[in-house]
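Peer 1: Pasting a structure here, questions to come.
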Amino acid sequence: MSQATKPLVGVIMGSKSDWETMRHACEMLESFEVAYEKRVVSAHRTPAWMNEYATTAQERGIKIIIAGAGGAAHLPGMVASQTTLPVLGVPVKSRALSGLDSLLSIVQMPGGIPVGTLAIGDAGAKNAALLAVRILGTADTALQTKLAAFQEEQTNKVLEDSEL
Ligand SMILES: Nc1c(C(=O)O)ncn1[C@@H]1O[C@H](COP(=O)(O)O)[C@@H](O)[C@H]1O
């Protein structure tokens, strides 16, 4: 799915080391059969590539960018500054400060350049994908139907598990 169809979601991350977190976003997109691409892009280490990625994403058909980064996590904000696409930021859990540094770096954007910031770590990556699916679902009733089924299944599972 990620390679064959034209991608609608760009999943980018500051380092290969973020993959264990960001794979949760990719897996969720796959479960909804939403075409995506995944790339390592760093504002700090590959600034020219980041600029190219952000400025060409829209013309390539990307609708939403999910950007994960840890520590001094400037990637989501810098990408948001160079595109008008919605950018969802995932704070990756850092070794030194458990992701609080990542969260604050992503969430505290100056007015005018929005980044939709998710929770730290795996749940944030999963929810970034679900939020992307919800956004795409506003113009795609088939996706909305899948989202409703996902939520119903989730609710039923929790109710079943409540019978201890
Ligand atoms: N925060 C950023 C950016 C950026 O924001 O441009 N580029 C890499 N990184 C982060 O550095 C951490 C450590 O990276 P390494 O494991 O490669 O040393 C990763 O979590 C990455 O997201």
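Numbering starts at 1 and runs along the chain as it is shown here.
Note: Cβ is positioned from N, Cα and C throughout, glycine not excepted.
These came from TrEMBL, pasted as-is:
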type    : residues            : note
BINDING : Ser15, Asp18, Arg45 : substrate binding site
DOMAIN  : 7-158               : domain 'PurE'
Peer 1: When you look at Ser15, Asp18, Arg45, which the record names as binding substrate, what is the longest CA to CA distance in angstrom?
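Peer 2: Pairwise Cα check on Ser15, Asp18, Arg45 gives a maximum of 14 Å.
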Peer 1: Cβ within 8 Å of the substrate site centroid (Ser15, Asp18, Arg45 excluded): which residues?
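Peer 2: Near the substrate site, the remaining chain residues are Met13, Gly14, Lys16, Ser17, Val40, Ser42, Ala69, Gly70.
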Peer 1: Are there any residues at least 6 positions away along the chain from Arg45 (substrate binding site) with a Cβ closer than 8 Å to its Cβ? List them or say none.
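Peer 2: Spatial neighbours, sequence-distant, of Arg45 (substrate binding site): Gly14.
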Peer 1: Since the record lists Ser15, Asp18 as binding-site residues, which of them has the fewest other Cβ atoms within 10 Å of its Cβ?
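Peer 2: Counting other Cβ atoms within 10 Å of each of the binding-site residues Ser15, Asp18 gives the minimum at Ser15.
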Peer 1: Check Asp18 (substrate binding site) against DSSP and tell me helix, strand or coil, would you?
Peer 2: helix
